[in-house]
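Enquirer: When I checked TrEMBL for this same protein, it listed these features:
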TRANSMEM  12-28  transmembrane segment
TRANSMEM  40-60  transmembrane segment
TRANSMEM  81-100  transmembrane segment
TRANSMEM  151-178  transmembrane segment
TRANSMEM  236-257  transmembrane segment
TRANSMEM  283-309  transmembrane segment
TRANSMEM  329-347  transmembrane segment
TRANSMEM  359-377  transmembrane segment
TRANSMEM  389-410  transmembrane segment
TRANSMEM  416-436  transmembrane segment
Amino acid sequence: MQLLRAIGFFRGNILIFSATIGAGIFVSPKGVLKYSSLNVAVSLSIWAACAVLTLISALSHAELGTTFPRSGAQYYFLKRSLGSSVAFLSLWIKLFTHPLRLATETLLLSTYTIQPFYAGCPAPELPKKCLALAILWSLGLLNTRGVQKVALFQTISTVTKMTVLCFISITGIVLLGIGKKENVARFENAFDAELPNVSQIAEAFLQGLFAYSGTSILNSIAGEIKNPGENIPKSLITVLPMVAVIYLLANVSYLAVLTPREIISADAVAVTWTDKIIPSMQWVISFGISTSIFSSMCCTVLSASRMIYTASQEGQLPLIFSMLNNHSCPTMAVSQIIILTSVVIITSDLINLIKYSGLAIWFLRGLHMIGLLKLRYQEPNLPRPYKVPLPFIFGCIAISLFLILTPLIQAPKIEHVYGLIFMFSGLLCYWIHVHLNQHSVCFVKITCYLQLLFNVSPPEDHDEGTSTGKNDLKEIFVNKKL
């Protein structure tokens, strides 16, 4: 029994759409506007810049998954390039950032689902959280059915989410084309508002980049992708420009209907937008958005479970997390993510969840690029099917430094200190793991009981994950391998 290479180019595109277009486009407009000082021109410029930065970052990280085509490629790459301690640090951070993202999306999904029952007033917190937990655990059950079932569901959900976003975008374009003063006014005076400072711009970028934070999904499941050396970069080049256009048009549509203050005061921007345009369609839009967010959450669980699976194979987590069920799915790894997210759901400040998880994500992306440079120097002859240009790598490092250091220097807060202490406390946990808590007899017995309880078994072989062949970006996108 082993993970199956069942994802081709088409399904890879679908997974990127599903992972990227989720909660972000319905939450981030609020955060981007808030930290842009309600300046419409700055807000739209940041959305455009986020698209460019995401494409650069995604293409840079594609080298990780194509060089080491195995599930959890980012984790394995860090262990190979920067050592076990840095790999464990990334594992430590992601064990919390993945649940943070899932909690954000689950709470937003429950808000969109339950809000139509409370027209004219905010939905109570208790029903929202109970519904969020029910959604989360049903999501876990879907993932235990294997990657092929997940990919089939994503194909259906992607059609739904694209329909909703196209409707929002086209409606905004039509309203601007009609030229009513109330719709056009905010764009005519786009440059009149005050400009944000550097720290606010960095915070706004974190909010906008959250909407693109699912672009590494194919790296996370590289061990289940057919011909990853060609399909990973080709899928990114195909999908991300389309997502960028959709995001820009959706934001223009929001601003054509709602004032900036209405947007930042709305918990569910798209529902508020629909309520103002076509109130009778609120249920339809809510269903479409709920499907969109659910499919993105499904990809997050898929990605997170593969990271835990690989860490278990490498000996940094208990062996039980790398065991597979009859559907070739690491059931215990999925369960771990679901349990951690259930704990996080008690926190409901979505903007803060986005901000703190965004800082950690870009810290790890910076580490990946440093590891990429080190591996290029130490192992220049390592087979690389896809090789990213060096300016992209240095650009990603510069972006990471800007997003992390600017808020710390310009507007330091005690929360930032807590975040740094938390991230580097992972090194202490690594020391405890290595020196004090190695495989005890008691833990082996627990693993055996869990293996029988969940009907899972170790994978038959251990994929070394080294790829062969070599192409540049143009060759991968234009030509097919024979």
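Glycine too: its Cβ is placed from the backbone N, Cα and C atoms.
Caution: TrEMBL annotation is automatic and unverified by curators.
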Enquirer: Ranking 40-60, 81-100, 151-178, 329-347, 389-410 by Cβ pairs under 8 Å to the transmembrane segment (12-28), which is first?
Expert: 151-178
Enquirer: Is the transmembrane segment (40-60) close to the transmembrane segment (151-178), in the sense of at least 3 CB pairs under 8 angstroms with a sequence gap of 6 or more?
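Expert: Output no: the transmembrane segment (151-178) is apart from the transmembrane segment (40-60).
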Enquirer: Answer with yes or no whether the transmembrane segment (236-257) touches the transmembrane segment (40-60) by the criterion of at least three Cβ pairs under 8 A, sequence separation 6 or more.
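Expert: Stretch pair touches.
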Enquirer: Any chance the transmembrane segment (359-377) and the transmembrane segment (81-100) are in contact, meaning at least three CB pairs closer than 8 A with a sequence separation of 6+?
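Expert: Counting Cβ pairs under 8 Å, at least 3, so yes.
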Enquirer: Counting only pairs at least 6 apart in sequence, do the transmembrane segment (283-309) and the transmembrane segment (81-100) share 3+ Cβ pairs under 8 Å?
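Expert: Answer yes: the transmembrane segment (283-309) meets the transmembrane segment (81-100) with 3 or more Cβ pairs below 8 Å.
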Enquirer: Let me spell it out: take the transmembrane segment (236-257), skip the flanking residues so only those 6+ beyond its ends count, and list any with a Cβ under 8 Å from a Cβ in it.
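Expert: For the transmembrane segment (236-257), the list is 13, 16-17, 20-21, 25, 29, 40, 43-44, 47-48, 51, 54-55, 58-59, 62, 162, 165-166, 168-169, 171-173, 175-176, 183-184, 186-187, 211-212, 215, 218, 263, 269-270, 273, 276-277, 473, 477.
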Enquirer: Counting only residues 6 or more past its boundaries, what in the same chain has a CB within less than 8 Å of a CB in the transmembrane segment (329-347)?
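Expert: Tertiary neighbours of the transmembrane segment (329-347) are 95-96, 98-100, 102-103, 106-107, 129, 132-133, 136-137, 139-140, 143-147, 301, 304-306, 308-309, 312, 320-323, 353, 450, 454, 456.
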